[in-house]
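These notes are about the structure you will find just below.
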Amino acid sequence: MASPKRQLVVFDFDWSMSDQDTDRWIFEVLAPDLRRKMKTLKDQVQWTDLVGQSLREAFARGITKEQIIHTLQIMPFHPAMVRAVTELKNRGETTFLCLSNANSVFIKTILESKGLSNLFHEIITNPAEWDPSGLLKVSRRVDPSGPQHSCKVGCSPNMCKGEELEAFLSRQGIEYDHIAYVGDGTNDFCPILRLRSQDTIFCRTGRGLQKRIEKEGEQEGLKCNIQYWGGAWEIEEKFSKL
């Protein structure tokens, strides 16, 4: 009898597992003027720092922890995605890893609201915590005052997803038969360059990752299989065949 296939599924979070961007969504709902300010400042201030700054401004004007939690709970998240990951997890041969530039509080709050608290073996993201006053403090995963990552492919300063994926695989010490990566953004390009020919990128269409694959994939030596999808119902179809 053949041994079961050991599989790793890596998820980006914003626009990959969820149908919105957590950092932008909460301000679009609770403080659209701060969302506009973020759009204006995004080329001048590092994004994670800008999210932290905007959260402090929201707190100063009286936006509460409860309002932020509620806004995360109502963020668009497709029922087909919940079904897809739950059914694959229940088959028992797949480990799930979250690799996201959001933050730990946003991701855990949303997963809890969808009954997915136990889905991921690890969530690798920017650290965040509520302080006793109700302010959400967010910081970079790679501290700006410490050693920086060495990525040359274009990862943002707070995290190189390629290095994080390799470090996770090293910690696990497991040779996975198949790695599937679900992503959409330009910063998902670096980790998929580490995938092998038997691995798969499930790339959401119409976003930055598709553009990088089409423009740079061949010259950067992208080896994995590429499958495109637009809606979570298509991920459900694809996961049923894994």
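Every residue, even glycine, has its Cβ placed from backbone N, Cα and C.
TrEMBL labels come from automatic prediction, so no person has curated them.
Among the features that TrEMBL reports, active site, nucleophile is placed at Asp12. For Asp12, Asp14, Asp184, the entry in TrEMBL reads Mg(2+) binding site. Per TrEMBL, the feature active site, proton donor maps to Asp14.
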Request  = In whole Å, note down how far the CA of Asp184 (Mg(2+) binding site) lies from the CA of the residue listed as 'active site, nucleophile'.
outcome  = 8
Query = Inside 8 A of the center formed by the CB atoms of Asp12, Asp14, Asp184, which other residues of the chain have their CB, for the recorded Mg(2+) site?
reply = Phe13, Trp15, Ser16, Met17, Ser18, Asp21, Ser100, Gly183, Gly185, Asp188, Arg204, Arg207
